[in-house]
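The annotation active site, proton donor is assigned in TrEMBL to 22. Positions annotated as substrate binding site by TrEMBL: 83, 103, 137, 138, 139. The Mn(2+) binding site feature in TrEMBL is assigned to 135. Annotation comment: TrEMBL describes 156 as active site, nucleophile.
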Ligand code: PSU
Ligand code: MN
């Protein structure tokens with residue numbers, strides 16, 4: 001059921017750095033055909049930093065850790081490819097379904113395969129209007145019980161960021177800013193919220209990972225929040241305006257559940273003339289490169 005590619009298996013056996021990459025961003029978070037290009041580009045960026053990329057997805061019921069080019073193409077192009085959270089994995093495996101994995105599903109499969117570092121764009125979290133919809137991404141609960149390091153540009157700015165940070169605190173998930181004391185805002189370098197901890201180098205992140213293992217306790221994650229460079233962020237004024245429109249459209253069209261995140265991301269891309277896409281890509285690229293350097297520092301131990 002779990003298929004670890006030969007390249008990833010060899011790298012893990014030789015203690016060479018490996019970075020897990022999620023696939024929901026490819027299948028449901030980015031417009032086609034750009035998504036395929038980006039998926040391959042992110043794998044290249046990991047390699048350029050000296051690590052092995054392990055893109056994760058489920059194809060015909062098999063959970064893959066490390067995809068070949070044709071498999072990445074299927075994830076990017078196949079119509080009807082599902083969006084799988086960790087709760088969907090067994091259902092997909094047993095029924096032979098295919099789907100892209102969210103952070104929660106990617107983290108659980110990565111951890112099963114022995115990959116310790118994962119890169120994404122923005123984490124899922126608590127949605128605005130949570131009191132009505134109770135929509136909180138399964139990413140949070142899974143990260144409370146999975147020992148993995150997730151490099152992200154904060155949580156998606158479509159969410160209730162302060163509420164998400166509060167939930168991470170309650171769930172006991174460690175959060176640190178990378179070279180910043182501000183929690184990043186995905187498309188924006190600063191979400192307006194502070195973080196309690198700042199880490200300065202990949203080596204220091206790896207030290208924290210070792211300390212997590214030494215101190216035992218619950219198997220929880222480490223979130224490394226890496227801001228998009230200020231010169232590549234989305235204009236904050238445009239962001240505020242278009243996001244308000246997107247949230248209104250979502251409500252008017254009655255979009256709920258798993259469809260909410262892709263709907264909002266797509267709305268932002270279409271109403272910012274692609275500027276949100278550039279900021280999103282800049283953030284993901286930075287995260288993937290940092291994740292590779294963290295994986296290298298981790299593998300050195
Ligand atoms: N970050 C992005 N684009 C995405 C996502 C994150 O830049 O598409 C995906 C991730 O896979 C994340 C998921 O785990 O959205 C969260 O979805 P939900 O809110 O339905 O849990
Ligand atoms: Mn949700």
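From the backbone N, Cα and C atoms, a Cβ is placed for every residue, glycine too.
Structure coloured by features recorded in TrEMBL.
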| residue | record | DSSP (3 states) |
| --- | --- | --- |
| 22 | active site, proton donor | coil |
| 83 | substrate binding site | strand |
| 103 | substrate binding site | helix |
| 135 | Mn(2+) binding site | coil |
| 156 | active site, nucleophile | coil |
These are the binding-site residues: 103, 138. Which one scores highest on other Cβ atoms within 10 Å?
103
Among 83, 103, 137, 138, 139, the annotated substrate contacts, find the widest CA pair distance and round it to a whole Å.
13
Do any residues at least six apart in sequence from residue 137 (substrate binding site), in the same chain, have a Cβ closer than 8 Å to its Cβ, and if so which, in order?
102, 103, 104, 123, 124, 125, 126, 127, 261
Fewest other C-beta atoms within 10 angstroms, as judged across 22, 135, which are the recorded positions:
135
Between the residue listed as 'Mn(2+) binding site' and residue 156 (active site, nucleophile), what is the CA-CA distance rounded to a whole number of Å?
14
Return the residues near residue 156 (active site, nucleophile) by Cβ distance under 8 Å, restricted to its own chain and a separation of at least 6 in sequence.
121, 122, 123, 124, 125, 186, 261, 264, 265
All-chain count of other Cβ atoms within 10 Å of residue 139 (substrate binding site):
29
In sequence order, which residues at least six apart in the same chain have a CB under 8 Å from the CB of residue 83 (substrate binding site)?
24, 27, 28, 99, 100, 102, 258, 262
Of 22, 83, 135, 137, recorded positions neighbouring ligand 1, Cβ under 6 A:
22, 137
Measuring Cα to Cα, how many Å separate residue 139 (substrate binding site) from residue 22 (active site, proton donor)?
12
Measuring Cα to Cα, how many Å separate residue 22 (active site, proton donor) from residue 138 (substrate binding site)?
14
Contacting recorded positions for ligand 2, chosen from 22, 83, 103, 135, 137, 138 when the Cβ sits under 6 angstroms of any of its atoms:
135, 137
